[in-house]
Amino acid sequence: MNLAESPSPSPSSSSGSDDFAALLDSELELASAGYSATLGDASVSPTGGDDDEEQVKAEVEALEENSTKRPRVEELHQDQATSVTPGKDTAGSSKDVQGELCPHLGFVGGLCFTCGKPQDEEDVSGVAFDYIHKGLRLSTSEIDRLRGADLKNLLRERKLRLILDLDHTLINSTRLQDITPAENKLDDPNRSIFTLESMHMLTKLRPFVNKFLEEASDMFEMYIYTMADKAYAIEIAKLLDPGNIYFSSKIISNTDCTQQHQKGLDVVWKKHKENLILMERYHYFGSSCKQFGRGVKSLSELMQDERESDGALATILHVLKRIHAIFFDSAIETDLSSRDVRQVIKAVRKHVLQGCKLVFSRVFPRNARPQDQFIWKMAEQLGAICCTDLDSTVTHVVALDPGTDKAHWAAVNKKFLVHPRWIEAANFRWCRQPEEDFPVRSPEGKVKDKENSVAGEKKMDQDKQNVVPGQEKKEETVHGQEKEEENALATTTTCPTDS
């Protein structure tokens, strides 16, 4: 999940918020139709189709149908002090449009969408946007201009941009061939499990996802972003947004990435990790747990699910509301144009462990510098003070073993002794977690707890075999309550590798 950086807003006569793709559509329609009219030759249509004459007619018709977009596009160009509307160049001559003075802001199908010149090796720079138009490539300067113009409108509507991962954030999917016999018999009272027959997959919507999208759409322009294939992303979008209200064409897949196997998309954000909001992964199916090496039962195997009221999506929605409210707070004296959503996110995170002073005991490798360790940096980002020496101002000792000197000091001085997962849980939940939920146990105690757990399960099986008719239902209910408590705790102790 990522919040895009917000630029400076400026007045505009346009009403409503068009996304980047819609704005670019308008520009391409103006460019293609105007340029074709100027040259009088349908063969230079930027689409490069076989039936070029019919294509030009279609473009002109589309231009007329979208006439409401024209004032906005022309106004945006006027803001640059020069008009690049096709057929009306600064010298007043169509020859200049075709000549060397054309800046070649972008190409479609290998042709400049302003002058029609074929793309050559000198014009290869820029970024491809095949997910908006096949064969589209824009220059860096044109990307910056379009991004800025679109985001101005968003800010005017008091909206920011939100990019949402699919898998393990909004949904969890598994291949049909990986479904266990128990998962074949899953009860689905909320109708949140769907079979994608054409893809041989089963998809589970995360609890609270519908409410999350509904409320988030009032504050954000939302994108779907996945490293999976486009066809898969489109099918999942239909499940999440059957009315095509939230995402429209704002679906970005692996083929749209500017760098292979990396989530970095120029149209949405400029690789600012400060905008990133980590979430607990949603592992509903057993295959998902195995994929990430989690040695625990999946939610489906436990016959449980996240609670809607305080699950991951409900928690993050609350955080997003705080970020949005602070960013657009009218009481802040600074102008909206100077505000930075990254600084707002940092400020919100700084309150999570504010007032806590931590000392770590045998958590890091012996020769490692503590200040360079991930968990140390995470605690500082959450507002905690981290140090290496004990004193009366220390509030928490973070340890893996209760037998260390610092752990004994915490017990004697009535300080909190917590497992590192306490910090990790606060990071995901964006609030300080109860320390008693993250005790530090000795290695012997952990083995004993595991043995007791196995013995308890065996006894439970024996009791079920000898149960008196009429009591079995009661036993199953009690067992289900124990499992629910176990899972509720597990969802708050996710390790950093699951971020």
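Using the three backbone atoms N, Cα and C, a Cβ is placed for every residue, glycine included.
TrEMBL lists region 'Disordered' for one of the ranges 1-21, 169-189, namely 1-21. When DSSP labels each residue, the domain 'BRCT' (348-440) comes out as 34 helix, 15 strand, 44 coil, counted as helix, strand and coil in that order.
Mean pLDDT across the domain 'BRCT' (348-440) comes to 96 in this model.
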